[in-house]
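A short write-up of the structure that comes next.
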Amino acid sequence: MASPNKLLLLLATSLLGCGLLAAADYAPMTLTVVNNCPFPVWPGIQANSGHDVLEGGGFFLPALSHKSFPAPSHPWSGRIWARTGCAAGAGAQLRCATGDCGGRLQCGGLGGAAPATLAQVSLHHGGGGDQTSYGVSVVDGFNVGLSVTPHEGRGNCPVLGCRRNLTATCPGELQLRSPAGAVLACRSGCEAFRTDELCCRNMYNSPRTCRASKYSEFFKRECPQAFTYAHDSPSLTHQCAAPRELKVIFCH
């Protein structure tokens, strides 16, 4: 009979052959969230269904600071955004003017309220190639500029972003304003008008019927690299293999 150590080795070899332990082969990766804004932000992180909640789903980040943490060593996908204009309540409560996630400091799996600029990330996919994909979305509107920057990856690893301050140029009918009248964010056409056509719902929920609108075209002119409506397909593609670090930078 084989020894216990040999049995474990055979089992591990078999699992690797089936791809079940492939995550063990992934090189370490760091996720870094950078606040380059002249004001504090409270980043939110929402994992896609079935994936780990990272860093409790949210934290505080002072102006001109950053926070780094290890990325999962297995496939992971989700979104990262900035919450702005936040005020603490009792306990772990946190109410934010933009990007609020149920009034919590740590979103714990909840998404952020629109409008909010999103960094969308998918780590360790593509079979044995350990690919990382990323992009920027203003499908849910815009609250702060951001970029996604990979470091030390192989292949095509561009910096992607929506860096302009769209609150300064946002059409009046899309503006989200504070009680004092300041423009806090720029809503999408869907968020502003709630129609099936602008939201790509029901009969408009397909690449054939979901089309750009004058509102999504405003975002596309300002941020051509970003996703601007549900079935948008930005022309810039990338296949970035095994970056050592992926940075999400606000106000960049």
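Just so you know, glycine gets a Cβ as well, placed from its N, Cα and C.
Within 10 Å of the C-beta of C37 (disulfide bond) we count 20 further C-beta atoms, all protein chains included. The annotation disulfide bond is assigned in TrEMBL to C37-C251 (among others).
There are 20 other Cβ atoms within 10 Å of the Cβ belonging to C86 (disulfide bond). Residues annotated as disulfide bond in TrEMBL: C86-C96 (among others).
As annotated by TrEMBL, disulfide bond applies to C101-C107 (among others). In this view, C101 (disulfide bond) is surrounded by 25 other Cβ atoms within 10 Å of its Cβ, with every protein chain counted.
Long-range neighbours of C157 (disulfide bond) (same chain, six or more residues apart, CB within less than 8 Å of its CB): P150, H238, C240, P243. Look at TrEMBL and you will find C157-C240 (among others) tagged as disulfide bond.
The number of other CB atoms found within 10 A of the CB of C162 (disulfide bond), across every protein chain shown, is 25. Positions annotated as disulfide bond by TrEMBL: C162-C223 (among others).
All protein chains included, C170 (disulfide bond) registers 21 other Cβ atoms within 10 Å of its own Cβ. Positions annotated as disulfide bond by TrEMBL: C170-C186 (among others).
Listed in sequence order, C190, A230 are the same-chain residues six or more apart from C199 (disulfide bond) with CB atoms under 8 A from its CB. According to TrEMBL, the disulfide bond annotation covers C190-C199 (among others).
C200 (disulfide bond) counts 23 other C-beta atoms within 10 Å of its own C-beta, drawing on all protein chains shown. Residues annotated as disulfide bond in TrEMBL: C200-C210 (among others).
The signal peptide feature in TrEMBL is assigned to 1-23.
Shown in sequence order, N35, N36, C37, P38, V144, G145, L146 are the residues of the chain, 6+ apart in sequence, with a C-beta less than 8 angstroms from the C-beta of C251 (disulfide bond). Cβ-based neighbour count (10 Å, all protein chains) for C190 (disulfide bond) stands at 23. Neighbours of C200 (disulfide bond) among the disulfide-bonded residues C86, C96, C107, C162, C186, C223, defined as a Cα within 10 Å of its Cα, are absent: none qualifies.
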